[in-house]
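Chemist: Pasting a structure here, questions to come.
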Amino acid sequence: MIRAALKNSSWLISEKVVGMAVNLVVALVVARALGPELFGQLNYVLALVALVLPLAALGMNALIMRELVEAPTRETEIMSTAAAYRSIGALLGILALITWAFVSSSMPTDERISLVVIGSAAILQSFQVVEFYFQAQVSAHYIVKMRAAVILTAGIAKLVVVFVNPSLVPIAAVFALEYLAWGLGYIFLYQKRSNGFAWRAIHWRYGWDLLKQAFWLILSGVAAVLYLKIDQVMLGTMVDKSEVGIYAVAVKLSEVWYFFATAIATSFFAGLIKLKKTNFNVYQQRLQQLCDGLFVCALLVATAVTLLADPVVLWLFGEAYRGASTILMIHVWASLFVFMRALASKWLIAERLLVFSLVSHGVGAALNVSMNLILIPSYQGEGAAVATLISYAGAAYFAFWLSAQTRPLARIMSYSLILPFTFGYRYWRAVRKLREALKLGKN
C-alpha cells in the first residue's frame, strides 16, 4: 500500500513539474509575441473565468473522495451525481459571467468573444471529478499521462498560433480547446476504466445532501479564488489591460515556486499524522522544524528573485515588461507566507479544523479587495503586489491568531518568522555538531 501511494505521488509530482515548465515557457513566448496590452487582455479574461470555476467544483472534492472510499459499490451513483451537480454549477456560473460581459459597456468585443469561448469550454472542468476516482483507486498515472499529453499539445498549439496570428481571439480559442481536451479526456478515461457515467444513476436527493455538506467549502473556494485572482480583474477594471499584462508576468515568475511548498508539505504529511497519534511532543517538534524549513526555502527564493529580478525580466520578457521587475520584487515576498500556508493547510486537516479554512480565506479575500481599492489607483501594479503580500500574510498567518484552536500553529509560524535572528540559539546543538564535524574533517 505504501509503495503504491509513493508511486502515485511521484506520478502527480512529475506531472506538476512538467506542467509548470511547459506553462512558463509558453507564457514567456506568448507574452513577448502579444505585448503587454494583448497579454493583459488574455490574463484578464482568464482571471474572470477563474473567479467562477469554484462553481465547477462546488466544494465537493474531499467529500467525493470520502464517499468513494467508504462506499465503493455506489461508485457510478456517486460519480454521476457529482458530475451532474458540478456541471449545473459551472453552467450557471459561466452564464452569469457571460451575461455580465455583454451588459458591461466597457468590455471590448474581442474580450467578450474570448470570454464566451473560454468560459463555454471551461464548463467541462466539472468532469475533473474523475481525478478523485483514480486517486481513490491509487491509479493517478492514467490521469497524469492524459493531462501531460494535453499540456504538451496545447503548449505547442499556443506557440504556433502566436507566431502565425498573434491576436487575442485565436490564442483564446487554443485555451478553450485545452479546457475541452481536459474535459473529454476525463470522460474518456472514466468510461474506459470503470462503469462509466450513467444518467439513470444520478441521485438528485443524494447530491443535494452532498451540496449541503459542502456549503462552507464552496464559500471557502470562492474566497480563495477571490484573494488569488481578484487583483488582475481589479487592475484591468481600474487601470488598463497593459498593466495587467505587466503584472501577470511578475506573478508567473513569483508563483512558479509555490508548487515546491505543496510538494514538501505533502511528502511529510503522512508521517506527521502518525506522530500525532504516537508521540505528540515529537509531532510538535517536527511541525516546528518543517515550518522552519519551509520558511528558509521561501526566504532563499525571495532573496534570490529580488536580487535577480531586473536582469531576469529583461532577458526573458524584454524591455516592454521592464515594469514587472519592481512588481516581482514585492510579490515574491508573499512566498514566505505561501510556503508556511502549505503546512497550515495540512495541519488544519490533521486537527480536523477544516471550517477554519473558510475563515482564513475570507480574511485574505477581504484584505485583498480592500487593499486593492486603496492602493491600485495610486500605485497600479505595485499597489496590487503590496495588497497581495498583505492579504497572504493575513490569510496564512494573522488569521490563525483569531481562534484559540489555531493559535498553536500561529506560535509555530511566529518562531519561524524570527528564525534569522534565533537560528544559532534554537539549533545550537546542530550547529555544534556541524562545527565538530568540520574540525574532524580538517584534522
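Start at 1 and count along the chain as shown; that gives each residue its number.
Quick reminder: no glycine exception, Cβ is built from N, Cα and C everywhere.
Because TrEMBL annotations are produced automatically, they should be read as predictions rather than curated entries.
The transmembrane segment annotation in TrEMBL covers 12-35, 41-64, 84-103, 115-134, 146-164, 170-189, 210-230, 256-273, 294-317, 323-344, 353-377, 383-402.
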Chemist: Please identify the stretch among 41-64, 256-273, 323-344 with the greatest number of Cβ pairs below 8 Å relative to the transmembrane segment (210-230).
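Modeler: So the stretch in question is 41-64.
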Chemist: Can you work out which residues elsewhere in the same chain, 6+ from the ends of the transmembrane segment (383-402), have a Cβ less than 8 Å from its Cβ atoms?
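Modeler: Result: 227, 231-232, 234-235, 247, 250, 327-328, 330-331, 333-334, 337-338, 340-341, 344, 359-361, 363-365, 367-368, 371-372, 374-377, 409-410, 413, 417.
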Chemist: Which residues of the chain, 6 or more past the ends of the transmembrane segment (294-317), have a CB below 8 A from one of its CBs?
Modeler: 28, 31-32, 249-250, 253-254, 257, 260-261, 264-265, 324-326, 328-329, 332-333, 335-336, 338-340, 342-343, 416-417, 419-420
